[in-house]
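Now, the feature entries from TrEMBL:
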DOMAIN    164-356  domain 'Peptidase M28'
TRANSMEM  396-414  transmembrane segment
DOMAIN    422-644  domain 'Endoplasmic reticulum metallopeptidase 1/1-A TM'
TRANSMEM  426-447  transmembrane segment
TRANSMEM  467-485  transmembrane segment
TRANSMEM  506-523  transmembrane segment
TRANSMEM  529-550  transmembrane segment
TRANSMEM  557-578  transmembrane segment
TRANSMEM  598-620  transmembrane segment
TRANSMEM  632-652  transmembrane segment
DOMAIN    662-891  domain 'Endoplasmic reticulum metallopeptidase 1-like C-terminal'
Amino acid sequence: MGVKPVGATSASIFALSVRTASMPQKRVRFREDEQQVSNLHRLGGGAVYGALLFVLGCGLVTNYLANRLPPALTVADLERTPNAFIAERAWASLKALNDMGPKPAGSQANEVMAYGFLQKEVQRIAAAKHANQALEVDKQVVTGAFSIALLNQSMTSMYRNVQNLVVRLVGREPEHALLLNCHFDSVASSPGASDDGASCAVMLEVLRVISRQPERTRYTVVFLFNGAEETMLQAAHGFITQHPWAKEVRAFLNLESSGSGGKEVLFQAGPHHPWLIRAYARAIRHPYAHTVGEEIFQLGLIPSDTDFRMFRDYGEVPGMDFAHIANGYRYHTRYDSMDYLSLEVLQRTGDNVLALTRDLAECDELSMSHPPVGETVFFDFVGLAFVHYSAAASRLINVVVALVSITLPLFGFARARYGSVLREVFFGLIGTVFGLIFSIISCTTIARQLDFVGKTMSWYTNTSLILGLYCCPALLAHCFVYLFLTTFYTNSKSDLSLGQMTQARMVGVNVFWSLVTLAATGAGYRSGYIPMVLLLCAIASSTLNLILSASRTLRRWIFVHTLCQLPALLWATNFYNVLVELFVPITGRFGGSRNPEVFISVLAASCTLLCCSYFIPFIGQLRSAMNFTAKLSAVTVCALVLACLSPLGVPYRDESGGLASPTPQRQYVTHTLRVFHDEVGLFKASDSGYFFQEMDRNTRATIEEYVLQPGESLTPMRQMTSCQQELFCALPFYSLWHQMRFNNYWLPGPEPSVDNMVTMAYLGTEQLDTNTKRLLFSMDGSIQSSIVIGPKEGVQLVGWTLLDHVPPPAKFGGREGHFVFITHGLPGKAWNVSLDLRYDQPKETGEMVDIVVTTKFWEYHHMHTADFEQLLAKFPSWAHVVPSVSVVTLFPL
């Protein structure tokens, strides 16, 4: 081994240093340097799984916060808190209503038992009120009609002798009033403990507390206990259009439920009355309100409506709509009972309603002839804080936040070439966009395959399966998009370190959410605040990194980024939990024509991006990305196996085994008699059978597996012969929209036992003019019913006695017909109906109009024949079966 002169060695080192200093600096030049950079900048498996646990942990925290309820007060707390809402007293009222069982309008349970109980409770409250209070009670028995439209189809809703119990506490300024509303009726086969007995119990306790105060409220408070909400919102219409106290109402609080328990959410407010939201912000101790809930409801994504519509449209009164949405599986089933509610639920709702009532009954805006108007953006942050501001301010905030979220982080790259930075920003943007596209494609592909093999709604009971079935594939799609772009798009000559590349790609994510925010804002959707909050957290991260000069360090910027993502993840996972809690139970009443798998898969893919978008760019820093994707794939495969081959994938369950949350399948079965007449009113033919309404995607499969005998088969409604020949298929339509939209089925069977029915007796004809005839009828029978009036070709219905106008006809099966839904509360006398028909050419008897009269018997169990009972008994225990009997009478005139 030779020895070099020391001077030569020093000169060589000096020359090398000079050359190195004069050359452009690059982070990666030699294989050895690449290995060193990999060790310094890349992330190992622990960091990746830690990030996933971080996301899941935030989801668990928000789930806990969503279900946290205040402790309930009992009668023993009265001495300590004499002016507080006492849940135990409300619980006693709820128990009385619950124990009456199902209370459909017109039933003995509703019209006599429930009404009588509420009347006695109000009398007790009146007897114990403070001497300074003036409490007035009125029993309203009301008859009326109105037209209503949904899903582009209109119908006429008619009610006769329905009951309202109206109570008012007279204020110091009695000409202005606040209205509180609940309904004490329920659907058939459900005790209606949450929908809406709990609300009525809360109102009774609020009335009790306020009536015992020594000082009157500034304004009158009216308590409306209405007896016909489940029948197309009829009793509320009767109050707001006909009761004399309705003229005093300036605002209202509507208490509803589309679930069973949990927190009540404010999902409609106003409209256009921001002072109501300000009152909510002042008064509510436990906020739970989101503008996006209002927009979801108003888009028709939730298949129901509330009395809010009546007060808004017919009374032109602003108000707020509250509903419990937890455990929507129990909604309108036998499980909507006290067994699945708690004192804490009543306490939380009562605290909020009492506080809001006190505030509104004193606020100046209630007496203003023209209170301030405008749209408001409002939301709570996981129940810990409530935020609200005007829609105009929202537009400004969204635009500013969107622009700042893009420009501010770029200051951290002041020493880098902006060409390289913008290239990575574009990388982050297209990675997010294409990741979302391919995640939706992959998730909907899985959804369609699960539906194809008959495993639809496997997540219905175990919603955690959604994480494996759809959230993991969505995340996998993002991973593969990033890996693809890394392979074919990465610039090997970039002067950015791997960490700086990742930060620049985060800016691309900001650009994506900024575009979403601006698009929502430009389209007029106030829910643009959802991505805006994500951008705010990103701005906080960029600001801290700039202040701390952390963006150029190896690890500090990751810590800052993760810290600022904590509120963003709490925000995003809260939305995931709420949307899953809301929409998964709704798929049980979606009908069978729409694939719920696709809907839930798209929801999961979107929420995956919402929760993980600011962690996805770290894929480029993984030492072994393929190892990570392999494990995600394994989770997806395990979830598919569990969904398809294990009991965890069974969609429904009953209450057996001590399970706290039964998830039944809804089944509506109507034992039907159809009677056909000729043009002179003589009997022509009849048949009978069972009419099944398809409530979800698995309805038909359940019926065919459990109910049908060998050799029997269901006939889809639209394939029946009567659907080709008769008006509206001559089937027992009681809810126009549901049955027109759903796939229903017919099974021939023996005749039902019927001892009563609604009759429409033809009385005669009057010739009004050359081309107009008036047909006269007498209606008799105080049972829920419907009439479909179908003018024949060349004939038009131009007037009738049901309304002062004729709404547009509904269209079904190639025919147009005017659908009339009729509810009876207390029994009434026969009443007359006339129809004015106009025609161009003379018409013979039988060529004017087809009329279908349907009588619907809910909770008439004595009419259930042995055959019908045997059929009902075949359904599995996890099916919630709603039986009814119906008579359909058809005649042409």
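Each residue, glycine too, has its Cβ placed from N, Cα and C.
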In terms of Cβ proximity under 8 Å, which residues at least six beyond the ends of the transmembrane segment (426-447) contact it?
-> 469-470, 473-478, 480-482, 485, 489, 501, 504-509, 511-512, 595, 597-598, 600-602, 604-606, 608-609, 613, 616-617, 640
Averaged pLDDT score, the domain 'Endoplasmic reticulum metallopeptidase 1/1-A TM' (422-644) = 92
Highest-contact recorded stretch vs the transmembrane segment (632-652), from 396-414, 467-485, 506-523, 529-550, 557-578, CB pairs under 8 Å | 467-485
Please work out which recorded stretch in 396-414, 506-523, 529-550, 557-578, 598-620 has the most C-beta pairs separated by under 8 angstroms from the transmembrane segment (467-485)?
-> 598-620
The recorded stretch from 396-414, 529-550, 557-578 sharing the largest number of CB pairs under 8 A with the transmembrane segment (598-620) is 557-578
Sort out the residues at least 6 away from either end of the transmembrane segment (557-578), same chain, that have Cβ-Cβ distances under 8 Å to it, and list them.
-> 51, 54-55, 58-59, 61-63, 65-66, 290, 381-382, 499, 503, 506, 530, 533-534, 537-538, 540-541, 544-545, 548, 550-551, 607, 610-611, 614-615
What residues in the same chain, six or more past the boundaries of the transmembrane segment (506-523), come closer than 8 Å to it by Cβ-Cβ distance?
-> 394-395, 398-399, 401-403, 405-406, 409-410, 424-433, 531-532, 534-535, 538, 561, 613-614, 616-617
